[in-house]
Each structure stands twice: as structure tokens, then as C-alpha cells.
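For 13, the entry in Swiss-Prot reads active site, proton acceptor. The feature active site, proton donor is assigned by Swiss-Prot to 41, with sequence analysis given as support. According to Swiss-Prot, the GTP binding site annotation covers 12-18, 40-42, 302, 328-330, 408-410. Annotation source Swiss-Prot lists Mg(2+) binding site at 13, 40. Annotation comment: Swiss-Prot describes 13, 14, 15, 16, 38, 39, 40, 41, 129, 143, 221, 236, 300 as IMP binding site. Swiss-Prot lists 296, 297, 298, 299, 300, 301, 302 with the feature substrate binding site, giving sequence analysis as the kind of evidence.
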């Protein structure tokens, strides 16, 4: 068996949580391979809205194994709150959620360091979520991290050394803080974590594949936030692309099957950083309001703009995407004209590729298509799609040279329409 990978192609918030929940009935296992509680997946299930930060979205399917891989960074306090809320709403976890012992822990001092570093940057700040993600990955790469497996052996010693090291850094930054309540909740989270299956997930997932089980790998955030291929330095601290599934779960590249790339019918971004198609007018505000574009974790307003096909082509290339999934098509139901960026203009020269630096002097070149002016939220089949919407989809497929297999026309899992485009 091979694993299929589901990931975002833009700046995150593409709707991965809903899609993975729609796809999970086809798989035996759902595995999260990177990121931390900075990324929130919003799902609607049986009339209730859930935001998952660390737990894989397959948790709503009662018979699935869910794995948090080694590439994930885990905050025990936030994990405990998330897990307890799910269990209270009738979704038991302890037998179905397996956590890699090699996953790194976000410490209370990582969160303090995150705030201190951002404060020190002033106007040059990246706009982090303040969840300690960057400092945790920094410790991981510098071989100073604390891993989930450490809570089983010599934990107080390992944690004490890491905490002391962080306190020295904070002292040098002259940053005032009070860790008391954060640490109390965190230590309670550590005890809670011990109740779960802590596993060598690389062995588990490969053994599951050998036994014929089907696996869906779930990414967080989006390709344009990848630490290597995103709009650096305004990126996250992990590899969000398909290759991250290999390093974040311990599977070989030859085990990758389908790569599902998720995109919105338009584009959004949270926080600082370049965004070529960003709209600062009433159109951008209209997209934000109709799409309810506010961060699932932070509540921050998302910046909104037209779809960027130059960036999407780049994302499809670096991920090896085999099928596209387009989310929030219904948000554009009320527009007379839809725009799509097909090139960039830099210093008067038109380019159709994603450049090294997109931060300054870049102007989007748009193609315009007629809007469909139809309520798509009640549609259940592609046969009901208006002619103008079909034309928009066909245009995107031709530009991106990749089939759009699934179209979402609303937030509920039932508002998901599969297409049968010939490959």
C-alpha cells in the first residue's frame, strides 16, 4: 500500500480539516506529519463546529487510527484542553490516538521566548501566533529539544536543563515574564499525555502499510508557508510540502501515492508577509465577510485577494500534486466578475514563474472571467453547476495542468461535490 497526502497549496487556511474529514471514510489511518497548535483545522460535524489544533481530523470517524507523527510539535497543555473538549462532546480518543515518542514538546518557556523574540524585532516582526512553534523547532534542530518520549524517563532532569537554558536567554533579552500558571497547566498536560499510546510511529505506520492498511497523511498550514519554499522569512518553521510527510512520519518517498492539493477559489493570508493579489478595497472586505475569513486559532482577520495561479503552479510543482480540491467556491457566488492572477509584472517585465523574492515591486497580471451569480450552497452534483462556474473550473485546470477532483460549496461535509474530470 501507498500513503496519500493531503496538503494546502496557498498560505494556509485552505480548508484541509473539512476535506480530510470527507476523505477519511476511505482510509484506515489518518496521520498528521508537521506543525503545531498554531494551525487550526475548522470542521462542522453533526451540527457542531470544532477547531482541531494538534489532533488529526480523522478523530470523528470512530474506527480510524489517528497518528501524531514525529514532525509535529506538541503543547501538552493545549493538547489536554483540545482532547478533553472532544471527549466531552462524545469523541473518545485514548484508544484511537497514537503519538510519536519522537515528536518534540513545546515548553512553557518556548512560548515566552516566542513573545520575547517578536517584541525584540519591533516593526520587523514576522507575526507569529505566539504558540512557541519557532523556538521549539529551533531547539529541535540545535539538538536541545525535549521529546514526548522523554516524559517516560529522566523527565525532570531533561526539562530542568531546557528550562534553565531558556531562562538565561530571556535574562539576556531583559524580558519580564511570569511562568507560574503556564507551567502549572503544562505539567498537568504532561500527566495527561501519559494516558495515551506513545509509540515509535515510524515503525507503526510502515507496519500498517505492510498489512494492507490505507493511510492519509494530513499536513498543516500551506505550501507558501514552507520554511524552504515559502515566502521566507514570513513562513512557518517546518516543511509543509509533501516531502514533509516522509520526514514527519518516517516513510520513504516511494510510499507516496496520490497528492491532494487544496486551494480556495480565491486566496487568503494571515499575518505579515508578501501577498501579490491582496485586495485593499471593498472587494477584499466582501470576500472576508462572505468567507468568514478570521483565524481559527487567533481570530485575526485574514487578508483576502484573488486566486494566484503563478503561486499555485509553483506549489503544484514542488509537491507533485496529482489532484486538486477547490474550497469555498460559494464565497464567490455574488460577484459579477472573477479575477485570476496569471502572471507577475516586475520592473515592467512580465513573468509567469514564482521568483526568489516577491516582497517588493511586484504587480499581478489578471485574467477576468464572468461570475456565476448563483447560490451554489444547495447543489449536490456537478450537473447543477452554472455554465460560468464550469468555465472558471476549466480555465483553472488548463492553467494549472492538474484536474480539480473535488469542489466545496459550503462548510458542511455534505456540501462537497466530486467531479469526474478525465485525467
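Using N, Cα and C of the backbone, Cβ positions are placed for all residues, glycine too.
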Report summary line: Integer Å value for the Cα distance linking residue 129 (IMP binding site) with residue 302 (substrate binding site) is 13
**Report entry** Most crowded position, judged by CB atoms within 10 A, among 13, 301 as recorded positions
**Finding:** 13
Report summary line: Rounded to a whole number of Å, the separation of the Cα atoms of residue 221 (IMP binding site) and residue 18 (GTP binding site) comes to 14
Query raised in the report: Since the record lists 12, 15, 299 as binding-site residues, which of them has the fewest other Cβ atoms within 10 Å of its Cβ?
Result: 299
**Report entry** binding-site residues compared (18, 300, 302) - the one with the fewest other Cβ atoms within 10 Å
**Finding:** 300
Query raised in the report: Just checking, which of 38, 129, 221, 329 (binding-site residues) has the fewest C-beta atoms within 10 Å of its C-beta?
Result: 129
